[in-house]
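So the structure is just underneath, and the comments pick up after that.
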Amino acid sequence: MHRLSRRSVNTLLRYGGRHRRDAAAAASVASPIFNQSGGQKDSSGRWYSVLTGACTGPASTKSMKLGTVIPSGRRYESTASDFDTPDVPVEKYEYQAEVSRLMDLIVNSLYSNKEVFLRELISNASDALDKLRFLSVTAPELMEGAPELDIRIQTDQENGIITLTDSGIGMTHEELVDSLGTIAHSGTAKFLKALKDSKDAGTDSNLIGQFGVGFYSAFLVADKVVVSTKSPKSDKQYVWEGEANSSSYIVREETDPEKLIPRGTSIKLYLKRDDKGFAHPERIERLVKNYSQFVSFPIYTWQEKGFTKEVEVDEDPAEAKKDGTDDNVEKKKKTKKVVEKYWDWELTNETQPIWLRNPKEVTTQEYNEFYRKAFNEYLDPLASSHFTTEGEVEFRSILYVPAVTPMGKEDIVNPKTKNIRLYVKRVFISDDFDGELFPRYLSFVKGVVDSNDLPLNVSREILQESRIVRIMRKRLVRKAFDMILGISMSENREDYEKFWENFGKHLKLGCIEDRENHKRLAPLLRFFSSQSEQEMISLDEYVENMKPDQKDIYYIAADSVTSAKNTPFLERLYEKDLEVLFLVDPIDEVAVTNLKAYKEKNFVDISKEDLDIGEKNEEKEKEMKQEFGHICDWMKKRLGDKVASVQISNRLKASPCVLVSGKFGWSANMERLMKAQTVGDSSSLDFMRSRRVLEINPEHPIIQTLSAACKSSGDDEEAMRAIDLLYDTALISSGFTPESPSHFGGKIYEMMNMALSNKWAPQQPSFNTHSSQPQEAEIVAEPQPTLEAEVVEPVESGSQK
């Protein structure tokens, strides 16, 4: 039987058993889970995050202006003070550990965020309820007195008190001492061990606690903690009291009839001065939704509510006389709308985990709605993937590909994002990862991952590196690739174009960092080409369009499509109708270089030496070398160390020459990018760019003219200057930067001056020294009308002279 105070009986009769409670009667929970035989100390000496045996009990605070209101049902609470207890025997215990040091570690070092205290206490309460539900299958009498399984959190903002109550299994006196007195003793761990040793080893209990220190996270924000608990295995209710800076605690029997509860545990936190902000109802609600939204038991928070009603307004007699209305005439009474406020329990975690449902039963609209709500997005995702993995590692997950990049376009080299939310048994652990679950090039993927067993550290905030994590990461990455591949194969090509515009750089970064997944990354890449300048193509499409005798995939790196398509390297390939990929993004060349090949086709840079386009003729090459070998040596002697060699080109058709990079050196595009690096190493730049080869086109008139000059007058100054100018021009047309642009400009001006000398200048009149022909001199002196036609060839007049 449960005894009620006279005040409680009067209140029950007065309010008719409505479900409104006094603000002080809030139940808050942190029920730990305990084995029937009591707790045992963990060999590591650590505290456990779940109490062994659900701590429940009444936790009352001062009345909050509404009077005393208690709910119907079998859960009774009172507004009496916790400290108005009669004199009862008090037992004092010492902690079974070096508490002063260990408590300091927990409060100041173990947890990085104070707000996790609520997550830990709710997890304890959930374990207590889970244990009760499991044991009640074989012992239904355990549910008597309080059939409802829930968690209730009440706050007293004025006094800085949080009360968390659950209706779980509760604790006996022995369990209370063992679990809360032995730091790092895990009642949940012991209970799970008993399950494993029993016949019901395969039963899924969904217990959360692991380490035995979760309860003590309460001291992150509280100076004093009072735990009141009642186990159905005991006729008595016990109270545990401990303070943050104390090496001891007290346990006493609860004798106040107004504080007795049918079953469960109540934890009351007396907050520190700096942490009283946690007692705000809205903050508690936000923390519950963030960390414990998907706990399988209902969580109620004590919230202020209100409803609008109309009330009569007393009219001022002076105003009535002023209106001059007859007193005998019935007047319509004035009313106004007011908001009447009251406090009541509100269900906070009403959302059910969508990832625990069968994917076949979840609609696309439900997936999109969960995505927008969980990640504060306003657009539907491009794709989603809902899957469950079993075997060595078991977890459930839902992954999403966003429609757009975040505002401001986050730096893709930053692996720390909050896009993956990790849950352990539906309890939120963290969303702050540094590449543990996803590589940084897939950091744009959003989703949730829920596992029943992950290698967390004691604070349950950090995912430790282990083989299980590596396997999980591999499976998540594989599913992400499958999801992206599905977008690329969609009938709506615009979907993947949108994806590539937003996240193409991420996949290219993956080609650089993740060699294991090259086969998954390569089909997803897109590039412009010489035959598709407006629309990007895939590597599969390129391979399908290859010529029958084509062995390699050709590409050219440039800063734009316009620059790439006008480069002299393409002349012969255009003629043979060979498609060339245009790598116009700064990261493209590095990504393709790391891929090396695709479907047994090697990637070949057409701007590098030894280009094979499938038309080798050894006899013709031999003849060319014999005929133009002397000019190659002559030009190499003039250019010196500027080039490694001068060779006959097989890639030119319209241009006289081109400057190609060494086979293992940087291309012109890469050299340009490396120069632009803020922390570029000039010594490595000099080394990588030293290997340059000047290739000449023997069919071009300029080369043929220089060949004749080499044979006739090899030391001619004008021929030497022509070679220098040819080299500088080849630098620019090949994508390189001249070492001295001003010097190169001076050469161009000089050539222009020679070409344009006296071409459009007016011809000066020529005066004859003899005066015997005045008419002829007079005619010559009139240049404007007659010399217009003679301007075309002004040199002839001089020759005639």
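Even glycines carry a Cβ here, placed using N, Cα and C.
When the ranges 602-641, 762-801 are checked against TrEMBL, the one recorded as region 'Disordered' is 762-801.
Cβ neighbour count for Gly214 (ATP binding site) (all protein chains, 10 Å cutoff from its Cβ): 33. Counting neighbouring Cβ atoms within 10 Å of each of the binding-site residues (Glu120, Asp166), the lowest count belongs to Glu120.
In the structure as shown, the Cβ atom of Thr265 (ATP binding site) sits within 10 Å of 37 other Cβ atoms.
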